[in-house]
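Step one of this worksheet: look at the structure below.
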């Protein structure tokens, strides 16, 4: 049975959320782009236009995908796929799945990240390719991604039905759930090309950095200068994405890769939602430069960098604890831990160590707090003239709160009495002393 069918919400809420995301997310991406680029960032202005023009208005603002858009996407995707396959990297093993499979990865994310940004900036610097072309065709690119990624998810569903890559696959018996949550945990093309690494990391997260640089260059070419607000936004987003690729092997142990299957929820989200929504504060700042002043800009930059570092250190602390089997220091002393046993689907008994000190003694998902705050700090350079730049912060908060609940429910089911003991030692889910 597909993991997604074991939902943490009632069936009615589950179906409602799936159908709403399947139908509402694509037009929202266009709504977001149009409002940021053509409606001065004003939701009320776009809503008034749609109210007076109805469905015709939505059709009018929705740019059709163009040949240029497909060429840009195809070139970028081919380049990233080639880097994923060809760049050297050390062999890394993912967690053992419930059916006993252990995925093998090549950790070359940092190299791919550096090569991508250096190549992109060099193409602009030497006059070979102007990144403003990407911004000028952004609506067409998002339209092409919406359609192309939907087709990609259909192909993934069919692949999971007829040619799964491993035994970590199967149907829930419901086609909507299977399409939304996915059929396979670790889909691959051949032996070495991992599809989720490509969609989540090399296409999705890499596009975040590429578009952050694009928005910065667009503002420079448009105004002849880059506002300090854009510099702070770009620096923080690039720092976050750099942190991600530095820690990419750790990401392969998270819920996104090790537990959520490759369906619309993950793959369409990474292929479309990440490049459109996650980058939206920078998209807004292109046409709305804000002069923060040196002092305020430095305060925001330092606060954002601190949050990104804490988020990284949380993940590093747990990763080191697991790698050294608990034989390490956490905040200068021996870690507090729980030895939890669990049974795999094949009936084999295994053990895991649950860290209950350091960052992980503050709350079970404390690392989400600095992540949300970091998103706020790379958005706040836009100030508060419009609501829409803060949509990503709000979305991220909802996403991570829901993910914390899903992760808790999964661990409760996996570890049983040991998870109950863990929750007694670490009673707060996300915010220490509150919830």
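Going from the start of the chain as shown, residues are counted 1 onward.
Quick reminder: no glycine exception, Cβ is built from N, Cα and C everywhere.
Among the features that TrEMBL reports, transmembrane segment is placed at 12-34 (among others).
Per TrEMBL, transmembrane segment is recorded for 110-129 (among others).
Taken from TrEMBL, the feature transmembrane segment applies to 141-158 (among others).
Per TrEMBL, transmembrane segment is recorded for 197-217 (among others). Long-range contacts of the transmembrane segment (197-217) within the same chain, counting only residues at least 6 positions beyond its ends with a Cβ under 8 Å from a Cβ of the stretch, are 76-77, 80-81, 83-84, 105, 109, 112-113, 116-117, 120-121, 124, 131-132, 134-135, 226, 230-231, 233-234, 237-238, 241-242, 244-245, 248, 251-252, 256-257, 262, 266-267, 269-271, 274-275, 278-279, 282-283, 285-286.
Residues or ranges marked as transmembrane segment by TrEMBL: 229-247 (among others).
The transmembrane segment annotation in TrEMBL covers 262-280 (among others).
Per TrEMBL, the feature transmembrane segment maps to 292-312 (among others).
Feature annotation from TrEMBL assigns transmembrane segment to 375-401 (among others).
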Sequence-remote partners of the transmembrane segment (262-280) [C-beta within less than 8 Å, at least six residues beyond its ends]: 4, 21-22, 25-26, 29, 32-33, 36, 142, 145-146, 148-150, 152-153, 156-157, 160, 178-187, 195-196, 199-200, 203-205, 207-208, 211-212, 215, 237, 256, 388-389, 391-392, 395
Cβ-Cβ under 8 Å with the transmembrane segment (292-312): same-chain residues at least 6 beyond its ends: 227-229, 231-232, 235-236, 239-240, 243, 246-247, 359, 367, 370-371, 373-374, 377-378, 380-381
Per Cβ pairs under 8 Å, the stretch of 110-129, 141-158, 229-247 packing most closely against the transmembrane segment (12-34): 141-158
Intrachain residues whose Cβ lies under 8 Å of the transmembrane segment (110-129), provided they are six or more past its termini: 79-80, 83-84, 87-89, 202, 206, 209-210, 213, 217, 241-242, 245-246, 248
